[in-house]
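Quick look at what TrEMBL lists:
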- 67-153: domain 'Cytochrome c' (DOMAIN)
- 168-233: region 'Disordered' (REGION)
Amino acid sequence: MKIITTLLITSVVFIVGALGLAYSGMVDVSASSPHSGFINWFLSTTSHASIERRAKSVVVPDLSGKSLAQAGVNDFEAMCSGCHGAPGKNPEAMGQGLNPAAPDLAEVAARNTPAELFWATKHGIRMTGMPAWGATHKDAEIWPVVAFMMKLPTLDAESYQAFLDDAKGKGHHDSDDGHNDHVEADASSDDHHTDEQGDHEHGDHDDGDSHTDGENAVKEEPDHKDDGHDHEH
Ligand code: HEC
């Protein structure tokens, strides 16, 4: 009986403590301060184990052959490289501010199975910046990206660019099919990178008139849409 009472009191103290902590505002939720080593380990171990377990039921189609990977490279450039970067390319501003950071997918592809890559891409990773692409894309649109990711460990900046050049018009985020408007980058936007990169360095992020102020950010939204291409790297 004594043990049960002790356990009960301990759980009540624990629950009240957890609620107190939640309401107190003491927990720092900012993306600019990193998790502690233990929390980092805990989250990444949980995430990898979860992906590994769930990927076991994924049926992998034939990914060999260059054409499927070619169908995926434009989509990779448009949908993934902004956060993850690509061979010879750093992540864009959005990707640089993520916590946890979006890993280099060449390294991820080298140590994961296609089923695991597919699962993570389709379902996303909760409480991180990794979106569930399955919410907007069919499996048949995700597999080409997986096929391309399997090629990533072998590509450098030059061969990545060559892959993009070879794949013009392929995939659903290619430059001519009108679908690329819901994402910013595609193979054809490289000119912007070189021409307009300077615009981006001007540091208007610091003067409080755009990204930091909620109200102004809303007012300025149309601008952001119009000039979205300026912000690419
Ligand atoms: C908005 C930013 C963002 C975009 C866009 C994005 N990702 Fe991610 N992705 C992340 C983050 C952040 C993580 C790390 C999550 C974590 O630490 O658990 C991640 C993790 C992953 C992982 C799991 C990595 C691992 O270690 O197992 C895969 C696979 C992945 N992304 C693939 C993609 C693909 C493919 C695309 C494009 C279709 C994409 N991501 C687009 C942010 C993004």
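Including glycine, each Cβ sits where the backbone N, Cα and C put it.
With DSSP classes pooled into helix, strand and coil, the tally for the domain 'Cytochrome c' (67-153) is 56 helix, 2 strand, 29 coil. As a whole-number mean, the pLDDT of the domain 'Cytochrome c' (67-153) in this prediction is 96.
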